[in-house]
Amino acid sequence: MTDLSLTTASRPRVMRLAVPALLLALLVVAPMLAYPLFVMKLLCFALFASAFNLLLGYTGLLSFGHATFFGGAGYVTAHAIKAWGLEPLSAILLGTLAATAMGLVMGAVAIRRQGIYFAMTTLALSQMAYFLFLRAPFTNAEDGIQNVPRGAALGLIDLNDITHLYVLVAGIFVLGMGIIWQVIHSPFGHVLRAIRENETRAQSLGYRVDRYKLGAFVISAGLTGLAGATKVLVFQIATLNDVSWQMSGSVILMGLLGGVGTAAGPSVGAGLIITIENYLATTGFPVQVILGLIFILCVLTFRQGIVGTLAARLRRA
Amino acid sequence: MAEFMGIPLPVLFGQLLIGLFNGAFYAILSLGLAIIFGLLRVINFAHGALYMLGAFAAFLMGEWLGLSFWVLLIAAPLAVAAFAALVERLLLSWLRGLDPLYGLLLTFGLALVIEGLFQWRFGVAGQQFPMPASLSGTTILGPLILPHYRVFVILAALAVCLLTWAAIERTRIGAILRAATENRPLAEAFGFNVPLLMTATYAFGAGLAGLAGVLAAPVFQVSPLMGTNLIIVVFAVVVIGGMGSIGGAILAGLMLGLAEGLTKVVYPEASNIIVFVIMAIVLFFRPAGLFGKAA
């Protein structure tokens, strides 16, 4: 287990303040520099990858089933808006809650096994969820839920206005990242890291390891759902693609590439992967091959990821 | 017409036969996974891709060289095994001593590359693979309808599984393999070439996957994505069986194939997910798997 645990120990104090400040500034100027829809997609995936990282990076659990929460929340939100006419913020909240509940169920089964078996179990359970979504009457199978209206937040703020939408998405991103930050730096988060480092020891110290793991799983699932629900509002569509194992694989790659166990790594990884996917989408060359190659390269040579490697360099300097 | 609990017997037997047929593939594939994991501590996510490679190797060699099915049955798995030996030497051997999760991720990436490249070259549509003429018939025994090819696959799979099991339990090489699985440093101290053994083991497991691919080719179409969903089911089978035992992998594979077949008769809507449901139930009551030792 220790291999995946990349240190999160102290960085220079300046960095600790500078990085969030820089990121906030970037958040403000980003939609002026790039296509706003692309930036919003990026934010959704950055939050997704960061939520996933809470589990892999800070608890040492590799979930191969996070697409279920991402796409599952998307389906619930899309259905709530389109079929029930729910107000968008409540629909996002509902999607998030649904993902949390799914996380509770999947987590309760999966944490009964450790390490590699945990990964395989989550993969299998999420494949089961995939088939259930495929068959469920409200998901329209291969077509997905299309043309989801964005509506007006709280009935007042028109989200068809791209600026309004961006502010909402950016706000959700900051909220989600803030929650993750809080969790990591809470006593709860420290216990999670203790479990990651040495589960047996944490247990012998009297921590109910299973409850902590389940707690981390549920929080991670919920935040993943928040990201997935928000994405529905941006793209106005919920599809099978978002609940497929390929999506679970993508988010692992984002974490791995950016740096598992670093706060900023998954966002960096998400940015890179999304950019690569966008670029390749126009060339006709299968994205899958490039993603696979990056996977292999990361595992063989670059296990700390970009941010992890940079952080290690900075510490040594 | 004879019935059992309201189900016509020919339908019931037919589905059970298909279940056993699918179970034969689960058994061969999970057997390979278990052997590889035992020694290399790698969950081979590329197993589905290797299965696909086996089918494609047979298809292409058949097209280009005009080899007969029986020759392909040997040649294609050998080709897959050779490819796998390269993969083990060039890629997997770098991960010795690391967390097993890295092996899973590496082979996942490998599967993406292989399947992506084949999809790029051949498209997603399936290619027809001719069934060997000598096995294309059907025998009817009362309520039992037996397509020869399916029966052949079941018997061949059983034979391969038993032979593998016997080779591991009863031969000298098998004994070395078990020793190295149990305690690698000690086996090395006794002078056994464990790295070579690892390469051979990975190649053998991959060869089994390739063999399954050839056997599948005449019934399922040969397509780049034929292994992707299968490998996830096989993972569930392995979790249910418990990775510790060779016999467990084989038995669990056959049993789950049967369970799937039965579900198709009783409640067809659930046949896609029954293996996963069983997995969840087994995990809940016996976290170590049906045949596994507690971790």
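All residue numbers here begin at 1 and follow the chain in the order shown.
Any Cβ shown, glycine's included, is placed from N, Cα and C.
Marked as transmembrane segment by TrEMBL: A:21-49, A:55-77, A:89-110, A:116-134, A:165-184, A:214-239, A:251-276, A:288-312.
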Top Cβ-contact partner of the transmembrane segment (A:21-49) among A:55-77, A:116-134, A:165-184, A:251-276, A:288-312 (pairs under 8 Å): A:251-276
Most Cβ pairs under 8 Å with the transmembrane segment (A:214-239), selected from A:89-110, A:116-134, A:165-184, A:251-276: A:89-110
Positions whose Cβ lies under 8 angstroms from the transmembrane segment (A:116-134), at least six residues beyond its ends: 61-68, 71-72, 75, 102, 106, 109-110, 141, 240, 243-245, 248
Residues from the same chain, set at least six apart from the ends of the transmembrane segment (A:288-312), whose C-beta lies under 8 A from its own: 3, 6, 11, 246, 249-250, 253, 255-262, 264-265, 268-269, 272-273, 276-277, 280
